[in-house]
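Participant: Quick paste of what TrEMBL says about this protein:
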type	residues	note
COMPBIAS	646-660	compositional bias 'Basic and acidic residues'
DOMAIN	80-269	domain 'ABC transmembrane type-1'
DOMAIN	313-564	domain 'ABC transporter'
REGION	631-660	region 'Disordered'
TRANSMEM	21-40	transmembrane segment
TRANSMEM	82-108	transmembrane segment
TRANSMEM	201-224	transmembrane segment
TRANSMEM	244-265	transmembrane segment
Amino acid sequence: MSAAAGRSRFVARALRQRGMLVWSGIVLLIALASVCAPLLTDFDPNVGVFGDSMAAPSAEHWLGADRYGRDVLTRVLYGGQVALLAAVEAVAIALALGVPLGLVAGYVSGWFDKIVMRVVDGVMSVPFLVLAIAVIAAIGPGLANAMAVVGVVYAMSVLRLVRGEVLSAKEELYVDGLKVSGVSGPKILFGHILRNIAPPVIVQATLMFATAIVAEATLSYLGLGVPQPTASWGSMLSDAQHTIRENFFFVIPPGVAIFLTVLGVNQIGEGLRDLFSREIAVGRLGLNVVHPAPRGQGEPVVEPGEPDRPVALEVEGLSVSFPHQDAGRVTVVRDVSLRLHRGEVLCLVGESGSGKSVTAMSMLGLVSHPGTVTAASIRIGDDEISGLDFAGMRSIRGNRVGVVFQDPLGSLNPTFTVGNQMREAITAHRDVSRAEADRIAVELFERVGIPRAAERLADYPFQFSGGMAQRVMIAMALSCDPDVLVADEPTTALDVTVQQQVLDLLVSLRDERGMAVLLITHDLGVVAEVADSVAVMYAGQLVETGPVSEVFTRPRHPYTQGLLDSVPRNELATGPLASIPGVVPQPADWPDGCHFADRCPFAVDACGGEPVPLVLLPDRTRGVRCVRSGELDLPGLGDHGPGTEPVREHADSHVEAGRP
Ligand code: ADP
Ligand code: MG
């Protein structure tokens, strides 16, 4: 983001907020004046002086007196009390009913949700006035009853809003995480989800407050609200209507009171929406900051790439933990250190659940809320992220790193054209005009190989195939001209030929722009294709790191070998495809010793017990976490089957890099 664009957005934001402040002041003034009405005026709002009937504004009656000789200003002030109380009643009922029902309906779904939603549809299909008249006919007149009806009707829209928010919150990673770690439903619902969905509910409540004031005025105007002669803005309008031919003026005071209050409360609502919008976005993504940890105490950083090139991304001692019901907190990523140079592709591989996504996302502060990220250092180029606050993090993330996710269509907003979204991404990072942004968008589309680039900008995401949509995502990630591109399983959802094209694109971008690519995948075929170096991850730890050519031909960790054995090759030559028995255990079940020991064909007693350190080979290009790495002779991608017996090598082989 350029300084000028950043500043202009900041000014725009401040101005909007200043508007909200002014309106808050006006509304507060109206509320205070209403509450303090008895102190401000000596007139009785409901009893008039006959002689003053239809008096024009004067020093005694600032806003005149109505046909019964009642002071208009006094009635406006007391009317304010009625309006505010009525609105508070309706909104309180709406929240008290709508929030819990919406939470539960959204969370449990099933028959409860179906019944509740039928009731909601039923209530909402009847205009509230009709409903109010029916209820008043049944339980008797009075403003309190009428506003209770309004409250119930509003509760329906609160319920809908909350239910919708819960339904989408339920899909989020952090909720899955909480469920997996055994947190109870009510605790997830009221402890976590409710907090995340509070902003839209608060905004909605504010806007409802404004409409409740109109509803009160309407009901009182129709005689369904306060009984005569009680002062209310609505009943005043109704009175004024009787004398409108004699004096038009009496419509104005209650009209202005309603107008100012409703407009003011609405403006506050809009202001809150603005204020929250960033927080909502933050809550949605569950953004987090990286807490600094002491340096130099973690495990060594492996240097698999070419040490002469500048470092694009370096991570030292990255750990991520999540709350867990039984274990307090579980660490799902433990002391990960990586170094990635400009112009290199580093592949992070491992089975599903090994912690690859959490590793990558935590580097960028994209880990969902209850997670805690600590790192001795996370450097992107020369910028240190660890210890930065949210704003600092955002400027680095947005400007230096592009991110591409697995599901391209899910990452694009279906209601805007891709051109619109491209333009937004471009102007977020560069201070350019609309036309210029469009030109850049076309250029990026052409670069990522989208045919008819200019035309396709006008298309919506659903008009793109999976492969093309992934190209759009890559183009969008490139819009900030990143030094580092993080791609989390970018080709997993694509078919083989398209996958190949997207991989080719990533490689050519690396060559052309000197970009560093951190590519996450579970597919070793992909790694063989594009990677310069590889980091194998298992159960939250790096188990082996090194240049891909060496790791693939001469792996030193049985887990790497297991992954290599499961790469499809010529079946006639190698026999049926092997797989590693079992699955990655849940983080809470990881043993103290080697995490892989339970599934390892080579496990011995020494593998249990003590944590296994990552050992660096002397030239620092490779690291391995296995107590037996020196004695095992693993065949790598060679044509041995998985059942190869361990072969003893001479004792010092584990300190030698590369092939024996
Ligand atoms: P991968 O990308 O390698 O398939 P992930 O990084 O998504 O794996 O997940 C690693 C581990 O972290 C998993 O065991 C998962 O259950 C856990 N995990 C991920 N996100 C959360 C979360 N928000 N809360 C708790 N645990 C989580
Ligand atoms: Mg993942």
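Residue 1 is the first one shown; counting continues down the chain.
The backbone N, Cα and C atoms fix where each Cβ goes, and this holds for glycine too.
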Participant: Which of 21-40, 201-224, 244-265 shares the most C-beta pairs under 8 angstroms with the transmembrane segment (82-108)?
Facilitator: 201-224
Participant: Which residues of the same chain, at least 6 past either end of the transmembrane segment (201-224), have a Cβ under 8 Å from a Cβ in it?
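Facilitator: Residues 82-84, 86-88, 90-91, 94-95, 99, 128-129, 132-133, 136, 141, 143, 146-147, 150, 154, 157-158, 161-162, 165, 232-235, 237-238, 254, 258, 261-262, 265-266, 268-269, 272-273, 276.
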Participant: If we skip the immediate neighbours and take only residues 6+ beyond the ends of the transmembrane segment (21-40), which ones have a Cβ under 8 Å from one of its Cβ atoms?
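Facilitator: Non-local partners: 74, 77-81, 83-84, 257, 260-261, 263-265, 267-268, 271.
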Participant: Give, as a single whole number between 0 and 100, the mean pLDDT over the domain 'ABC transporter' (313-564).
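Facilitator: That stretch averages a pLDDT of 88.
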